[in-house]
Amino acid sequence: MVPSLALVPGEPAGIGPELCIRLAQQPRSDAHLIAYADPDTLHSAAKALCLSVRLLDPDQHARLPGDLPLHPVRQAAPTRFGTPDPANAAAVIAGLLGAAGDCLSGKLQGIVTGPVHKAVINAGGIAYTGTTELLAAQAGCPVVMMLANSIVRVALVTTHLPLRAVPEAITAEALARCLRITATAMQRDFGLEHPRIAVLGLNPHAGEDGLLGREELDVIIPVLDQLRSEGMQLIGPLPADTAFLPQKLTDFDAVVAMYHDQGLPVLKYSGFEQAVNITLGLPYPRVAVDHGTALELAGRGVADPSSLLAATALCARLAARS
């Protein structure tokens with residue numbers, strides 16, 4: 001069965017809408033896409049790109065270039081590309097939660113999301129730290145943020161936290177939960193029966209036997225030992241500065257980093273254009289672009305759709321497996 005996927009552009013004033021229009025120019029055989037967006041915004045994006053778009057009823061299938069089934073999500077204010085309006089924050093969140101709700105009900109089999117501007121959502125009066133956290137709260141389940149490209153997959157124990165808050169957040173419970181969710185996803189979603197997972201230390205040189213910090217000795221190593229006794233293939237804790245050497249990456253199926261900026265700079269340097277953001281642990285596949293709203297590019301027709309193309313292709317594969 002060909003899966004039906006929600007396509008949510010994110011911040012309407014950013015590049016998300018025009019990327020969706022570009023995606024609609026290439027009819028797919030691997031998925032049926034349904035946009036959850038404001039129709040006027042999509043028409044404006046198509047006009048800015050000098051491309052055609054034909055918005056269909058959500059139960060219709062795209063057959064021609066420019067066809068895009070639409071579940072309309074009306075905005076409170078018109079879109080001005082490059083100038084976000086907090087009045088539209090509720091529509092952005094409604095699009096995300098509506099699409100995810102249809103996945104939870106079984107109506108859809110996955111969701112592809114564009115970039116969201118956190119500050120604009122909060123300025124609109126909605127407490128929001130990220131789409132990963134939003135969808136986890138809706139589904140009522142723990143999740144893990146993983147970013148991936150063709151070279152490496154990186155899962156995060158902590159996500160959007162100030163650096164000073166990270167050590168306290170690295171608990172045995174949090175680390176074990178992240179590793180279990182990551183291992184299960186590698187098996188279920190990526191078909192790896194015995195995934196090999198590298199685990200980074202928190203401190204420089206992975207703590208150097210306690211000289212540079214005790215988190216490795218007190219938290220990380222005991223958790224790894226316990227999970228190894230249960231059969232998980234875990235390597236580490238490894239010093240982060242050498243874990244990503246090309247000759248080492250072939251030994252791992254995924255890397256678990258302790259915090260956001262520990263693991264993601266290397267991934268983005270190695271292939272930012274093709275990188276995607278995967279939410280592990282949800283009852284449906286969710287894959288997002290790995291870039292921001294790029295307000296300075298919006299409406300100019302120069303935004304690179306590579307990440308959205310990669311996210312859609314991966315979401316279709318994951319949905320077909322589930």
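Every residue, even glycine, has its Cβ placed from backbone N, Cα and C.
Within HIS117, HIS160, HIS291, the residue that Swiss-Prot lists together with HIS205, HIS260 for binding divalent metal cation is HIS160. For the substrate site that Swiss-Prot gives as LYS268, ASN277, ARG286, the extra residue drawn from THR129, THR132, THR158, THR171 is THR132. Its Cβ placed at the centre, THR132 (substrate binding site) has 24 other Cβ atoms within 10 Å.
Under DSSP, ASN277 (substrate binding site) is assigned to a strand (E or B) in the three-state scheme. Across the binding-site residues listed here (HIS160, HIS205, HIS260, ARG286), the residue whose Cβ sits among the most other Cβ atoms within 10 Å is ARG286. Same-chain residues at least 6 positions away in sequence with a Cβ under 8 Å from that of LYS268 (substrate binding site) are, in sequence order, ALA275, ASP290. According to DSSP, THR132 (substrate binding site) is assigned to a helical segment. HIS205 (divalent metal cation binding site) sits 27 Å from ASN277 (substrate binding site), counting Cα to Cα.
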